[in-house]
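Taken straight from TrEMBL:
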TRANSMEM  14-34  transmembrane segment
TRANSMEM  93-112  transmembrane segment
TRANSMEM  132-159  transmembrane segment
TRANSMEM  180-207  transmembrane segment
TRANSMEM  323-343  transmembrane segment
TRANSMEM  363-382  transmembrane segment
TRANSMEM  402-423  transmembrane segment
TRANSMEM  457-485  transmembrane segment
TRANSMEM  541-561  transmembrane segment
TRANSMEM  573-592  transmembrane segment
Amino acid sequence: MGDATLLPDRGTEILIPVCAVIGIAFALVQWLLVAKVRLSNGKDYAGGRSGYTEALIEEEEGVSDHSVVRKCAEIQSAISEGATSFLFTEYQYVGIFMVAFAILIFVFLGSVEGFSTKSQPCTYDSTRMCKPALATAAFSTLSFLLGAFTSVVSGFLGMKIATFANARTTLEARKGVGKAFIVAFRSGAVMGFLLAANGLLVLYIAINLFKLYYGSDWEGLFEAITGYGLGGSSMALFGRVGGGIYTKAADVGADLVGKVERNIPEDDPRNPAVIADNVGDNVGDIAGMGSDLFGSYAESSCAALVVASISSFGITHDLTAMLYPLLVSSVGILICLLTTLFATDFFEVKAVEEIEPALKKQLIISTVLMTFGIAIVSWISLPSTFTIFNFGVQKEVKSWELFLCVAVGLWAGLIIGFVTEYYTSNAYSPVQDVADSCRTGAATNVIFGLALGYKSVIIPILAIAVSIFVSFSFAAMYGIAVAALGMLSTIATGLAIDAYGPISDNAGGIAEMAGMSHSIRERTDALDAAGNTTAAIGKGFAIGSAALVSLALFGAFVSRADISTVDVLTPKVFIGLLVGAMLPYWFSAMTMKSVGSAALKMVEEVRRQFNTIPGLMEGTAKPDYTNCVKISTDASIKEMIPPGALVMLTPLIVGIFFGVETLSGVLAGALVSGVQIAISASNTGGAWDNAKKYIEAGASEHARALGPKGSAAHKAAVIGDTVGDPLKDTSGPSLNILIKLMAVESLVFAPFFATHGGLLFKIF
């Protein structure tokens, strides 16, 4: 049975932190490379090597360089200030909530044994003694706060880097598309590597610190660690919803008045909502996405560790095999590092056509290399046979079977990424069909777009289904948890291509606002259209991994709450299923309505400014940007509370009043319906956005026939894009957090629900 692993425990203890530190160092190097592009005026352009190249650029553009650079720097600082102040406001509100929730965790979990400080018989092995429930309560609370803090830091750093890089991308675009691409991509990589490495490092340190108290009681130790995932995801929920409402209120307001009513281009400096729109990209797509993927990563690690701690790894105290999930992530960082070099150093992007292929190659290269990486990790860190806890019995598993579980998750992620790309990129027929339908107005555009979104669900769901079946057959719930980890093992690359989108979007906005020439705007538009697709791919990954993570957490919850089977035919469970399946709709309704009402306020404000500020349309007077930023901030802070409360309170209410069986039904229902809505919403929105870009770019005969900006077909496309905005950036991406968060919260509170839950059924 317990034959030793090839990698000694000491090796594991060195490998994990070293990989994390390498990841952080690589991120800093990329950041320094981005920082080489200067944003100050005058001095840098004087003599020296760069003097004559800059002069050439000035002649080519016919703009005096210094004024443009100065303008870019001003706009960048406005965006950066807006984003920073919004995040600080958001974190203040969320901080209060976190403290309250932390107290709740402590009280609920501490009360399981009536706050006794004596050791208790273990949950899964009554012959051994384990640490008291009070300790689990204290450490769960601590890891919850740690996870929340790491999540905040991930989002905030990402936003800082993005606002640092956006103007630099614009300035590099004067030298050509390739140069601009590299700046945007490098800054995305900074965020990806910082986040992956930080998540890993903090989790590893937490495990080691908790071990000082828990000693040989691994079961209690890893149960307390689940709080880390809960903290990460609950922060992500508010970041995603708050940021999503912010960005879309501004975007919808700016588009409706600017493009449809006033016929001015996107990101025109005369539009009062334009700064708020660009700030929104950073707080929603960057800070929100960062926290979200960090949450997924933390939870899949926690789910795997919980199941492993009650399997042979935990019983025989085999540290290397126990930390297999962390080893997979460590190797993932190294593989992604190598992959990133392919885009920045080995091959150079020279033309517009090469942008999207370069980003797609990132996914393929990282997946192929990672397959080998996982094989090596599985070979050196797992015993040849071991057992995995499977609903009360130990199931024997071989190490190659576990390798297949991770690999199947990894490749499913790639498939989901490519299907998403097919349905949202304007290089393929689905989006071109949607664009074509704009000829007959906005209604047909909306119909075609919705149909596309629903259709795009088919293959991703089949991919998820196959990976669930394969991984569960091999290694029960542990298999599903590591499959989710497999999907997220290339998270650094995934995040890099994801963060690239909003950065290039901002770069385009800055080019328009600084009054740069048409050719530069075309370059940034090309970067941005590719960015839209990669953002959709990133969302696909987040949703796919959320489905697997949620199922793994569900399995851990069912084991912990001591339910042997979840029977759909019992009324308790079935009502749970129905209510659970309804929750994503309720949640989407809340977020969509929030965007709608915030956008309404924004439209009124923008109209008011156009009507009352003399000389605004002529460009002689400046609009009041700060007012629009304030509207977005206030709306999103106020509106993020109800959806957040819905997700956080549902498991508590169901668990306390209806008990664990009904709760298991609710979790299953929410998972099944949430995934479908999330995929279709993200892809519908992405397709509408790119259909609009397709018409605007006019790259083919077909696109030119649909008309220049301002034609009837273009206006119909803008309306579709506006409808799709809350779908793809607020409801869709937040749903995957709903699925995961409810599951991880149920797992953390499982001991409490199992002993004190189900009050209503106890009364009757």
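Even glycines carry a Cβ here, placed using N, Cα and C.
All annotation found in TrEMBL is predicted automatically rather than curated by experts.
Counting Cβ pairs closer than 8 Å to the transmembrane segment (180-207), the top stretch among 14-34, 93-112, 323-343, 363-382, 541-561 is 14-34. Contact check: the transmembrane segment (323-343) against the transmembrane segment (573-592) gives fewer than three Cβ pairs closer than 8 Å, residues 6 or more apart, which falls short of the contact criterion. Fewer than three CB pairs closer than 8 A are found between the transmembrane segment (541-561) and the transmembrane segment (363-382), and contact between the two stretches is not assigned (pairs 6 or more residues apart). Take the transmembrane segment (457-485) and the stretches 14-34, 93-112, 402-423, 573-592: counting Cβ pairs under 8 Å, 402-423 has the most.
Only residues 6 or more beyond the boundaries of the transmembrane segment (573-592), in the same chain, are considered here, and those with a CB under 8 A from a CB of the stretch are 241, 244-245, 566-567, 642-643, 646-647, 650, 654, 658, 661-674, 677-678, 681, 726-727, 730-731, 734-735, 738-739, 742.
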